[in-house]
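Chemist: The domain 'FH2' annotation in TrEMBL covers 1-259. According to TrEMBL, the compositional bias 'Basic and acidic residues' annotation covers 238-254. For 238-279, 320-340, the entry in TrEMBL reads region 'Disordered'. Residues or ranges marked as compositional bias 'Polar residues' by TrEMBL: 268-277.
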């Protein structure tokens, strides 16, 4: 049996078969996009965060400088910034020795919000659908809806052609089946199409609202920038907390060191001082021996030197008193090894050198 317009019929049947599955896949994505539009439009915390970012970072730095440089052009008097600027502050190093000890401008922003507007740290609580929306291609969704609309129109056109041609064989129920399908689901398709067209326009206005150009920025790219900023924001918050804990640990360590030093007994300190004093007496004695000068002692010799013997090399221009004169000629330079005992440290027993 010959079936007229078989390929067109198969196309209509495939569409009918896939229709409900296509709609079930599209509905959640459309709902997510609609929800994120509402969230970003009505989010109080996110708008306050942007305002805080402007006043804390942008206005105080970039905009002030930019307005000064562009004051005579149409670019002057800027009052805001694009969302992608938020991504750049995580790469911008903060001033050295800034009062908050922040590593980047993003860390500085987080620390400032912790001090002034702590509730803004949880701004993502108001953007629950942002992460899902960043994974949805609006162009793909709009294209899928358009495909549904064109598909139902193709079915209606095929029904019309078959009825006019009267080529359908006896018992052919194709037109009847497809008419029932169109009657049942055409309102659904029209509703989805109208909602999607409205949503597409709303998303464009949302981009404009936040300073983006719909011609160059896709909604999912915009959502992705906010999501990336939120992740960097959270990471900076955690890093600030770790830095705070490290600083506290270091302060505790310093306090422990100071406490241990303060708890040492005075006798420990005096013992160290006594040892150092004795070492000084010994050095003085050696210098006196080398120079041949007597040095009077005003206090007893430290017990550290009671049994000490030091071998000193003395270079003389003559002989040492008490040494046989036959061993050296006066005026001849010689080197004597003199064994110095603890008695050398007493003024009365210091060996003198001949003039």
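Along the chain as shown, the residues are counted starting at 1.
A Cβ is built for glycine as well, from the same backbone N, Cα and C atoms used for every other residue.
What does the local environment look like for each feature on the list?
Modeler: Looking only at the domain 'FH2' (1-259), the predicted model's pLDDT averages out at 85.
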Chemist: Within the compositional bias 'Basic and acidic residues' (238-254), how many residues are helix, strand or coil going by DSSP?
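Modeler: The counts are 17 helix, 0 strand, 0 coil.
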